[in-house]
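So the structure is just underneath, and the comments pick up after that.
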Amino acid sequence: MKGQGRLAAWGVGLAVLVALPFVYRDPYHLHILVLILIWSFAYTSWSMMGRFGLVSLGHGGFMGIGAYVTALLWNHLGLSPWIGIPVSMIAAGALALIVGYPCFRFRITGHYFVLVTLALSGIVLQVITATRDYTGGSLGYTPNRASGNKLLALQFDDKTTWYLIALAVWLFGIVVWHWVDRSMARYALEAISEDEDAAAAAGVNVTAEKLKITLLSALMTALAGAIYCQYQMFITPDTVSGIAVSLQMVFAAIVGGLFVSLGPTFGAIITILLAESLRIGFGTKAVGWDNLVYGVLLVVFIIFLPKGILGSVLDRLKPQRKVPRAHEQEAVQIARPGA
Amino acid sequence: MLEVNGLVKRFGGFTAVNNVSFRVDQGEILGLIGPNGSGKSTIFNMLSGTLAPTSGSILFAGHEIAGLAPHRIINRGIGRTFQIPRPFRRLTIFENVALAGFYGQGRHSRIKAEEAAERSLAMVGLPTDRHASVDGLGAAGLKKLELAKALATSPKLLLADESLGGLDEAEMDQAADMLRNIRDELSITIIWVEHIMGVLMRVVDRVMVLDHGEKISEGLPSAVAGDPRVIEVYLGTDAETTQAAAAEARRRAGG
């Protein structure tokens, strides 16, 4: 598939996705779809960095900021999420720059970068838990129900509206992914991930390019957190922030496929369906089982299928687009210590 | 065009480059030779911004560039190749060069970058096909790619670091001619660091010899080759044995 054929496939696929909630209204299934779309967007945001070997375990932090800042501004200051979400994104972006700049300037790469970002996740989680007077701590937090304009409060009761919002946000993520993929910045980032000195010798401002993609990734992840909060109307530190959420992003992106645009989406479908079927099949007896399965699968995938499920399938279908395997092994290997 | 004064680089207690001054004029090819560890690559790394000098000044086209970041120096018109080729294997050959064309020329336009890539690839004799993979290139091909990347940044001054290591004699001559063509056709000034003396002497306008981080001789190739100090540190000891070993290796390989 190339050019027009691919565009047509995307068009038909999208039309089906948009039409879906109008013909199929089962609320439970729509709920699962909304969750898949929101998490797909978060995983796609993570993979924007991850695909270039910038393995961040700090994205739980960005997501938590997106969710909590939006909700806190609404509850305490009555600020509409339409303003709160941009503010939360700016906060996450600022944090990304504060942590990213020294890392990139002083060349903290590979495992050390992973460790720094891991600390970031932990810190955000601790801050949310520790300021329990405002955030509700580990018991969770609920945005106040809007009394007036639902649109202004970004609170909707019907699943169809949320499905369409989630679809739009997800699509936005995919479009940004493709935009980066086609830009010169992708060349620069691929080059940086292989050899920073050689990239600099080609004229690339290594620190600036890494900061830009980190900023973009953090902004998008914060948006995912905010949308998740508005949809669920209930957040806890553990569901939107912390190391577990960060690891979940790494896992889903790697299982789905880091190097293809729909890979993280595929990863979200697998992880959420797995968690749901365990929950339905075994109930409370299986709490935490999904994490066990994730861990085992992650090890298996990194060793045997580093391009992820979708990436490997697409590779089979069109052998001409080859990306040397060794480098991908390297990129995903960095994620190992967390597994 | 380039004026270097009192350049010093220390790594802890070790002085890699000690008070070296030289100048390069517009349009010339300056050869830079010296035994291993004499400071050639350190000088290159300071000129290209990879290392900041401990002291001394580097004036390029009248502006001080000592200590600037590598990407800034490239955008001012100094391109470099690496001693050991450093291709980006995740990109195609064309993308490697287009990347340098884009970022090395101040990130103006993608079209301009791709034109520069096509020009540079044609200049060094690599295919301009957009899908060719780096994995298909041998030692000579990788050196050409390295050169094409540097050329795509539209340098006024090219720092060529030991471009000929690992090539056979025909390839060496070809590469030497290429450097000369680059100077003649694109009017790019060149500083060339090279171990293989014969080829270098044939192409360069002037030679500068380093030993233990200090400049010990400078001048026309013929004069430098006859300088007793040069013969002592370079030709007298190392070169004979090295050349003999190289000849022996070639005989066996050709076997």
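Even glycines carry a Cβ here, placed using N, Cα and C.
Record features (TrEMBL):
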- A:7-24: transmembrane segment (TRANSMEM)
- A:30-46: transmembrane segment (TRANSMEM)
- A:53-74: transmembrane segment (TRANSMEM)
- A:80-100: transmembrane segment (TRANSMEM)
- A:112-131: transmembrane segment (TRANSMEM)
- A:161-180: transmembrane segment (TRANSMEM)
- A:250-272: transmembrane segment (TRANSMEM)
- A:292-314: transmembrane segment (TRANSMEM)
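Here the transmembrane segment (A:7-24) touches the transmembrane segment (A:161-180). Their Cβ atoms form 3 or more pairs under 8 Å, with each pair 6 or more residues apart.
Non-local neighbours of the transmembrane segment (A:80-100) in the same chain are 58, 61-62, 65-71, 73-74, 116-117, 120, 152-154, 210-211, 214-215, 217-219, 221-223, 225-227, 230; each lies 6+ residues outside the stretch with a CB under 8 Å from one of its CB atoms. Only sequence-distant pairs (6 or more apart) were considered; of these, fewer than three Cβ pairs between the transmembrane segment (A:112-131) and the transmembrane segment (A:161-180) are under 8 A, so the stretches are not in contact.
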